[in-house]
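Novice: What TrEMBL records for B:12-31, B:43-66, B:99-118, B:138-167, B:179-200, B:259-281, B:293-313, B:325-345, B:351-373, B:436-457, B:477-500, B:521-539 (among others) is transmembrane segment. Under the heading domain 'NADH:quinone oxidoreductase/Mrp antiporter transmembrane', TrEMBL lists B:148-385. Taken from TrEMBL, the feature region 'Disordered' applies to B:395-419. Marked as compositional bias 'Low complexity' by TrEMBL: B:396-408. Look at TrEMBL and you will find B:409-419 tagged as compositional bias 'Gly residues'.
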Amino acid sequence: MSSLVQSVDWLAIAPPTIAAVVGLAVLVADLFLADARKALLGWSSVAGLALSLLALLPLLDGDRATFCRVTGGDACSYAADRFTLVVQLLVLGGALLAALLSVTALKDADRRLPEGEYWFLLLSSAAGAALLPASRDLATLIVALEVASLPAFALVGIRHGDRRSSEAALKFFLSSVTATAVSLLGVSFVYATTGTLYLTEVAGRIGDVDGQLHTLAQTGVVLTLVGFAFKTAAVPFHFWVPDTYVGAPLPIAAYLSVVGKAVGFSGLILVTVVAFPPYAGVWGPALAVLAALTMTAGNVGALRQRATRAHGAVRLLAWSSVGQAGYLLVPIAAAAYTDDAEGAVGSTVAYALMYAAVNLGAFAIAALVARRSPLNRVADYRGLYASHPVTALVLAFFLLCLAGLPPGVVGLFAKVTVFSAAVDAGLGWLSVVMAVNVVIALVYYLRWTALLFRAPEGETRKHRVPAPLTAAIALTAVLGVALSGAPQLILRFSDTGLF
Amino acid sequence: MIDISESVMQFLLALIVVGPLIGAAAALLPAPPGLKGKSPDQAVLRHGVVVTGAVLVAAIVLALGFDHSRPSRMQATTDISWIPALDVRIHLGIDGISLPLLVLTALLTFLCALYSYFKTPAGPSPKAFVALLLVLETGTLATFAVLDLLLFFLAFETVLVPMYFLIARWGGAGRRAAAWKFILYTLLGSVVMLLGLLLVGLNSGTFDMVALATDNGRSLTTSVQVVAVLAIGIGLAVKTPMWPLHSWLPDAHTAAPTVGSVLLAGVLLKMGTYGFVRILLPVAPEGMRTFAPYLAAFAVVGIVYGSLACLSLAKQGAKGDLKRLIAYSSVGHMGFVLLGIATMSPTGVNGALFANIAHGLITGLLFFLVGAVKDRTGTTDLDALSRAAAGTRSVAGATGAPGSAGSTSGTGGTSGTGSTGAAGTGGALYSRAPRLGGLLSFAAVASLGLPGLGGFWGEMLALFGAFRPAEGLSRPAFLVFMAVAAFGTLLTAAYLLVVVRRVCMGPAERESPELADVRTYEFAAWTPLVVLTVVAGLWPRALLGLTDPAVQQLLSGGTR
């Protein structure tokens with residue numbers, strides 16, 4: 001009889017593990033470190049995230065799987081395939097950039113934020129987010145979702161004594177927990193009908209469940225999606241976004257806007273395309289409608305933002321991230337209608353990579369402006385070109401990438417892949433809705449862009465840009481420009497199989 | 001004409017497309033030592049002239065090296081894979097259809113840069129102006145040079161942002177609203193066009209225009225073709241613009257700076273009609289046949305509508321804006337182009353392409369001239385202009401205050417009575433600035449299609465095409481269209497002559513303010529356009545010899 005003990009491929013699970021271990025180490029080190037040397041914590045966290053990114057390299061040679069069942073079938077709980085690696089790259093890279101922003105933010109906060117806890121929470125959340133795309137059973141998936149979310153609640157409310165921060169955290173927490181509970185209920189229904197939690201086995205069995213259990217399975221599928229839809233901030237689970245982003249420290253808002261979304265859509269992809277393909281008729285139309293509503297709600301919300309409102313820039317980015325989430329959902333919905341489901345979800349991954357790079361860049365510049373004018377209204381960006389010409393040009397580039405207009409070539413082609421997935425799947429109405437949304441979105445992106453180059457209102461003062469912020473802006477800008485020259489680097493995921 | 005090796009030709013075409021983009025990036029950098037000039041502004045404007053000049057030279061050399069005995073063949077082709085995931089290839093090439101447009105674009109942009117060098121546009125720093133102008137040039141040149149549907153879309157979109165900023169930052173009254181209208185209209189159109197392009201590409205398995213044209217729509221079902229033509233057609237029709245999707249054009253033209261108007265009318269509108277000829281005619285012929293009568297009907301309505309709008313603007317007391325009037329006349333002229341395309345016959349399409357070029361030359365010239373008039377008198381208001389000479393008799397100050405008279409409300413209260421009192425007067429440009437007046441009436445007469453000048457042949461051939469449209473199209477319907485369009489030419493003549501009479505003729509009073517006549521740099525910028533208009537009128541074969549073989553082949557099954 002073979003051993004019942006599962007063998008563990010440590011190399012395969014290295015990326016999330018490193019992040020988690022470094023997180024714990026930072027928490028412990030915080031106890032022994034003198035106040036003057038707290039900055040070390042930040043830099044070791046940044047190094048830890050970089051290290052876990054490097055740990056992706058040895059995995060490139062082929063698919064790996066671990067935590068496999070020893071008896072009865074070869075289902076595994078953890079897989080390091082191409083999809084996993086790409087999303088882990090996105091998540092860990094996003095966390096790294098958010099960490100760079102945090103270094104400056106914590107320094108500016110001057111010990112009003114607890115540094116040890118901050119870094120511990122950020123790294124734990126990143127570890128959970130990196131675990132999620134690798135999960136191949138429903139239990140691990142939910143656990144990863146919670147590991148990614150729970151620290152995020154605390155991070156949002158980390159500003160002690162700040163009413164808005166606590167309120168945002170509470171809002172975020174309550175709605176998220178409800179969504180997770182609903183999701184868990186769905187998972188239990190699916191387990192009840194199929195008798196397995198492994199995604200591949202669910203896919204095999206859910207197609208021919210007992211006729212009496214059919215409704216239960218269908219309900220299970222829909223409810224499972226809810227939790228992940230919440231994470232992507234799809235309508236009607238988008239209300240928490242603007243308040244949470246404004247209430248949270250700015251680097252955390254940046255983190256949520258990218259990594260939070262990645263958690264949501266990678267979970268959705270795993271559940272829909274891997275676990276529930278026989279129910280494409282149920283989740284396909286549902287996701288299509290959700291995508292249309294989400295992008296419309298997000299873009300209209302962003303359009304209604306006034307330039308003079310306090311924290312308008314972050315609020316605008318929050319609403320626009322809801323709109324972008326709508327675009328991310330389109331190819332997943334299209335996957336239900338086409339034979340090439342992997343190619344379709346590849347479009348989502350490609351779009352998410354583009355979005356992550358430029359959106360984090362935009363947040364980095366928002367963090368820069370927030371140092372000068374703490375209210376961070378959109379109107380504060382007026383005349384940025386006069387004081388910081390390079391920064392203004394880079395922000396204009398990011399915004400045009402988000403809008404999908406040249407010179408943001410990569411944004412344009414990322415939108416083209418999404419459109420092409422929709423057209424290929426025959427979702428004509430959805431692509432028309434998206435076309436209208438692209439035009440709406442252009443209004444607020446271009447309005448902001450134009451503001452950068454207007455003559456400044458008062459005198460302009462040059463500020464020194466802190467090194468971590470410079471690094472973050474430079475990194476995202478170089479990424480954006482390089483991808484504009486060679487969009488194939490990310491678009492290839494829409495062409496080849498990911499699983 | 002001259003023998004140039006293929007690889008040099010490839011290089012030239014690539015340089016034409018990429019050169020302005022590099023130039024735009026360089027314009028943003030500080031000038032290197034030795035090239036600083038008198039001031040940073042002067043240096044950057046000179047940089048613009050040099051880059052556009054180099055591109056023009058390259059375009060001319062390309063035209064000389066073009067094998068004129070086989071204009072239907074794609075020449076100077078480059079074909080490199082760029083984004084395999086989307087099957088996007090950097091496929092460049094020119095044939096008899098795109099070459100004239102390419103040269104026209106390079107020429108007009110160069111003339112604009114030259115004009116701006118001497119007459120710095122009023123607005124923020126010239127640095128951004130030059131950079132935007134060069135990005136705009138890349139976008140327009142690339143539109144005419146690329147042979148890949150998605151690349152075409154990319155080029156089509158590239159012009160939006162620079163043009164938006166040119167209008168919004170350097171424009172006149174109402175510029176911000178006009179710029180928004182321009183970019184939102186065209187973006188909505190082009191996103192819909194993208195859907196059509198994707199539909200074509202995904203259903204036929206390639207985005208390559210040459211392959212698609214050779215296929216001639218055989219791998220696309222009729223229903224796909226119909227939907228694709230509808231989607232792509234809407235995008236192109238917004239850009240052209242076709243009535244009733246034209247309403248962004250008059251506002252954009254009225255608000256845009258002179259250079260912006262010239263490029264908008266001379267080049268940007270051509271991108272729409274070029275798309276019709278290059279993409280829709282060969283790729284989806286069946287879908288095109290379905291919509292051809294409607295297209296022709298809209299085109300004819302556009303001709304009559306444009307002319308009537310111009311007539312009402314040209315009326316006394318209508319406070320018509322000269323730039324707005326020319327914009328509406330563009331709607332009419334582009335109607336002829338669309339009518340020619342809608343006939344789907346070689347004659348009509350050749351006429352359309354000819355009218356395209358002629359309109360670019362003549363309307364470009366007209367906008368230059370109106371810009372010059374505005375610089376001198378401070379207004380483009382026809383009533384104010386025609387009253388200008390009779391300075392003491394009519395409302396005082398109508399000419400003296402630049403800006404106030406340009407807006408529609410400036411002297412509103414008094415103009416109603418003033419204009420009746422000033423009835424029968426004219427701007428007397430002939431006596432006050434004879435050369436300027438002469439050029440203006442030359443351009444107006446060329447625009448109305450006088451035989452012997454460039455405007456004639458295009459409209460003539462378009463009407464001929466409508467007389468005998470392609471097989472499968474209803475001839476009686478097209479005969480009606482032809483008759484209406486012919487009536488439109490009469491209206492065109494009417495309003496242009498009214499304009500000439502009101503602006504150029506009339507007695508000059510001694511008290512009327514002095515006007516500077518045409519300056520040297522203005523001569524330099526305008527002479528090429530005048531000469532080419534005459535050449536096109538007297539020697540149409542130079543152009544038709546290029547387009548005709550290419551059109552024949554495009555209609556009968558693609559390019560080789």
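From the backbone N, Cα and C atoms, a Cβ is placed for every residue, glycine too.
Predicted automatically and left uncurated, TrEMBL annotations should be read as such.
A quick note: this is a predicted structure, and the numbers were derived from the prediction, not measured.
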Novice: So, taking each listed stretch (B:179-200, B:351-373, B:436-457) in turn and counting its Cβ pairs to the transmembrane segment (B:259-281) that are under 8 angstroms, which one gives the highest count?
Specialist: B:351-373
Novice: How about the transmembrane segment (B:351-373) with the transmembrane segment (B:521-539) - do they touch, taking at least 3 C-beta pairs under 8 Å (6 or more apart in sequence) as contact?
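Specialist: Yes, the transmembrane segment (B:351-373) contacts the transmembrane segment (B:521-539).
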Novice: Sort out the residues at least 6 away from either end of the transmembrane segment (B:521-539), same chain, that have Cβ-Cβ distances under 8 Å to it, and list them.
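Specialist: Beyond its ends, the transmembrane segment (B:521-539) has Cβ neighbours at 107, 111-112, 114-115, 117-119, 354, 357-358, 361-362, 364-365, 368-369, 372, 439, 442-443, 446, 451-457.
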Novice: Does the transmembrane segment (B:138-167) reach the transmembrane segment (B:436-457) with at least 3 CB pairs under 8 A, where each pair is 6 or more residues apart?
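Specialist: They do not touch: fewer than three Cβ pairs between the two stretches lie under 8 Å.
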Novice: Report, as numbers and ranges, every residue of the chain located at least six residues beyond the transmembrane segment (B:43-66) whose Cβ falls under 8 Å of a Cβ in that stretch; write 'none' if there are none.
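Specialist: Distal contacts: 1-4, 8-9, 12-13, 15-16, 19-20, 23, 26-27, 31, 35-37, 75-76, 94, 99, 102-103, 106-107, 109-110, 112-114, 116-117, 120, 126-127, 129-130, 133-134, 137, 141.
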Novice: Using Cβ atoms and a strict cutoff of less than 8 Å, what residues sit near the transmembrane segment (B:12-31) while being 6 or more residues removed from its termini?
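Specialist: Counting only partners 6 or more residues beyond its ends, the transmembrane segment (B:12-31) has Cβ contacts under 8 Å with 4, 37, 40, 43-44, 47-48, 51-52, 54-55, 58-59, 61-62, 65, 76, 78, 92-94, 102, 106, 109, 127, 130-132, 134-135, 137-138, 141-142, 145-146.
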Novice: Mind checking which residues of the chain, 6+ beyond the ends of the transmembrane segment (B:436-457), have their Cβ under 8 Å from one of its Cβ atoms?
Specialist: 329, 333, 351, 354-355, 357-359, 361-363, 365-366, 369, 372-373, 376, 429-430, 489, 492-493, 496-497, 499-500, 503-504, 515, 517-518, 526, 530, 532-538, 540, 544
